[in-house]
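Read through the structure below, which is laid out as structure tokens, and then see the notes.
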Amino acid sequence: MTYKDYTGLDRTELLSKVRHMMSDKRFNHVLGVERAAIELAERYGYDKEKAGLAALLHDYAKELSDDEFLRLIDKYQPDPDLKKWGNNIWHGLVGIYKIQEDLAIKDQDILAAIAKHTVGSAQMSTLDKIVYVADYIEHNRDFPGVEEARELAKVDLNKAVAYETARTVAFLASKAQPIYPKTIETYNAYIPYLD
């Protein structure tokens, strides 16, 4: 299948829509995640088109206003606790509704991978893990530990998920930031892979 089979748009048309939703820096990141996701899909025997599309759309809603996110929460996921978290959580979990509104994506695997890319899940599909890890390791990323994450991603996707999640939890804790409950669940489910 191609991107057009999932969206009704070919890659060029889709890139135009995605580009319109974000800054140049974010768009370059998205292209890097798409590339990393396709590479991971090839390595782990997953559908490259599906992985590439999920990656291309993973930050589609990242630069929406808080008011737009609150509208989407009220319309699709009326959860008062969700409202307290903000964009870092919303753009995945709630952003899928904007993607459905704008692009009519119906594939539940793609939507789930986009929803989970910010917080993970105790149960992640191969596609979920690909997008989650690709977002962390794409070639534009430059931070302590990213090279180790890239190497882990080449040998074991579960170890890469565990490493990324452990680093994220440690970073948030070091900044005295709240940690989304699903992220803690992801950590607890995957940390045994690092033993």
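Cβ coordinates are placed from backbone N, Cα and C, and glycine is handled just like the others.
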* Out of Asp128, Asp135, Asp142, Asp156, which one does Swiss-Prot list together with His29, His58, Asp59 for Fe cation? => Asp135
* **Spatial separation of Asp59 (Fe cation binding site) from Lys182 (ADP binding site) - C-alpha basis, Å** => 19
* For the Fe cation site given as His29, His58, Asp59, Asp135, which other residues of the same chain have their Cβ within 8 Å of the site's Cβ centre? -> Arg26, Val30, Val33, Ala55, Lys62, His117, Glu138
* **the domain 'HD' (26-140) [mean pLDDT, rounded to integer]** => 96
